[in-house]
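According to Swiss-Prot, the protein has these features:
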| type | residues | note |
| --- | --- | --- |
| BINDING | ARG8, ILE9, ASN10, TYR11, LYS66, TYR123, ARG127, SER131, ARG190, LEU191, HIS192 | substrate binding site |
| BINDING | 61-66, 76-77, 82-83, GLN105, 140-141, TRP184, ARG194 | FMN binding site |
Amino acid sequence: MTTLADLRINYSRASLDEADAAPDPFAQFDRWFKEALAAKLPEPNTMTLATVGADGRPSARIVLIKGVDERGFVFFTNYESRKGHDLAVHPQAALLFYWIELERQVRIEGRIEKTSAEESDRYFASRPLGSRIGAWASEQSAVIDSRATLEAREKAVSERYGDNPPRPPHWGGYRLVPDSIEFWQGRPSRLHDRLLYTRDAAASPGWTISRLSP
């Protein structure tokens, strides 16, 4: 059996100090995301989305972030998927960005709301044709009997809508409105830097910053 105890990296690329951190977590996220882009990391927009179902079971999966502004973090999916059902009963979620090459993580927690129909329509129209057809063909998270069934549905949707499939009513966006955002920078000897931004209406610019023990 593979031995895992000796698999370790001593992080030493950078530090994260309160004096250097932006007072607003969205500005800090933008700074780190731009650095991930500049480092040419593969798909720096990938994140883990964690949800909880009606039975209390947690579930996590990788999704793509498609928008960030002062309102929150936006992603799109099938509302009838497992995550969609989870978010319908528990509209709270957590996101995790992990940029191992930069020895960084960003952890985000908050409430979930659906984006407007206009936002969902606009993003759906920007997707490649195959992805728009796939949104109709796939009953995401449902059991199917074979790959052939999925491909038959894809063909039927393509024949029905041609080059202009509309957005399915079961497909659209969610926005996570954060109440906390943690920035983690790996440091030597596991004494990592962790800065936690917590929403605070009484603070300026609406967030307090705390250092967490690693």
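Glycine residues also receive a Cβ, built from the backbone N, Cα and C atoms like all the rest.
This view paints the features noted in Swiss-Prot onto the structure.
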residue	record	Cβ within 10 Å
ARG8	substrate binding site	8
ARG61	FMN binding site	14
VAL63	FMN binding site	17
LYS66	substrate binding site	16
PHE76	FMN binding site	22
ARG82	FMN binding site	16
GLN105	FMN binding site	18
ARG127	substrate binding site	16
SER141	FMN binding site	13
HIS192	substrate binding site	19
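Counting every protein chain shown, the number of other Cβ atoms lying within 10 Å of the Cβ of ARG194 (FMN binding site) is 17.
Counting other CB atoms no more than 10 Å from each candidate's CB, the binding-site residues ILE65, ARG190 peak at ILE65.
Cβ neighbour count for ASN10 (substrate binding site): 10 (other Cβ atoms within 10 Å of its Cβ, all protein chains included). In this structure the alpha carbons, written CA, of LYS66 (substrate binding site) and GLN105 (FMN binding site) are 18 Å apart.
Taking the C-alpha atom of ARG61 (FMN binding site) as reference, the shortest distance to any of the binding-site residues ASN10, ARG127, HIS192 belongs to ARG127. Across the residues the record lists as binding substrate (ARG8, ILE9, ASN10, TYR11, LYS66, TYR123, ARG127, SER131, ARG190, LEU191, HIS192), the two Cα atoms farthest apart are 43 Å from each other. Separation of the C-alpha atoms of HIS192 (substrate binding site) and GLN105 (FMN binding site): 11 Å, rounded to the nearest whole number.
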